[in-house]
Amino acid sequence: MSMSPKHTTPFSVSDILSPLEESYKKVGMEGGGLGAPLAAYRQGQAAPPTAAMQQHAVGHHGAVTAAYHMTAAGVPQLSHSAVGGYCNGNLGNMSELPPYQDTMRNSASGPGWYGANPDPRFPAISRFMGPASGMNMSGMGGLGSLGDVSKNMAPLPSAPRRKRRVLFSQAQVYELERRFKQQKYLSAPEREHLASMIHLTPTQVKIWFQNHRYKMKRQAKDKAAQQQLQQDSGGGGGGGGTGCPQQQQAQQQSPRRVAVPVLVKDGKPCQAGAPAPGAASLQGHAQQQAQHQAQAAQAAAAAISVGSGGAGLGAHPGHQPGSAGQSPDLAHHAASPAALQGQVSSLSHLNSSGSDYGTMSCSTLLYGRTW
């Protein structure tokens, strides 16, 4: 059996639709009710498909067509006249149609729906095509109880919806802050009076004051913690300024900075009137050295004078302090400490003159008036 049509159809819209129009015209001309089609429908339902199976039992192509004809014979088909009557609105004999469910059950149980193993080459399909494959509607009654159970179940308690946040105006916030600066806690009459002034409820005023008190306490706590942290960091920095012994040793071992006089600057000798940079520091250093030398000389002179006085006294033990004729100088020095002080002052005068000479020599070195 060839599946290709005998005549090819052009691809225009009018040529494609023309066969449908002709079939509708034929259906309209036939007319009639649904009585004759229903009789044909019932006869076709009871007709066994054995002739079609015997005709197409040879070959693979024959088996396919046998299944096709078997299905066509078992499944009820409506003729064109029945379709035309339905389309034209002739529904007078629709009451004679049997229910679809009964038709399906009768056709499934009868031999017209599934044959007794039409082809031995398809034994596996027969177990899927038994009478038990029909829809069992008796077990569907349990689904109705699910609806009753769902109705009897209590609805789950939904979470309470949070109220929308009320935003205060700038004037209300200003008045609340001004009153908070004056008084952090309000009594009930004061709260009601303030709420009536700014058009709020006493509960809103109460909650605002509670939140603002908590906010101010938290800010003060954060500020105190920040100050404490700054103090700790400052103390750590001050303690670090002293340094450990290793750092002190490193500073002591590092070379000192010594001021060096500048004799020539930019290829020209420096003038005597214009001291070079660092001259003041160098001059102060020279003065300090001169003072140290003078103090050392004073100490040495005092030690010498005291030693000579003691030796004189030990060499002449028989002499009394009154015998000033033999050694008047020694007696005078031993008797009066003021004389020793005068001698030390004379030595200090000499040292001061020596320091002046040192400063002069340093200045000559500094200003380039060299030797």
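The backbone N, Cα and C atoms fix where each Cβ goes, and this holds for glycine too.
Of all ranges given (130-159, 310-339), Swiss-Prot attaches the label region 'Disordered' to 310-339. Residues of the DNA-binding region (161-220) grouped by DSSP class, helix first, strand second and coil last, total 42 helix, 0 strand, 18 coil.
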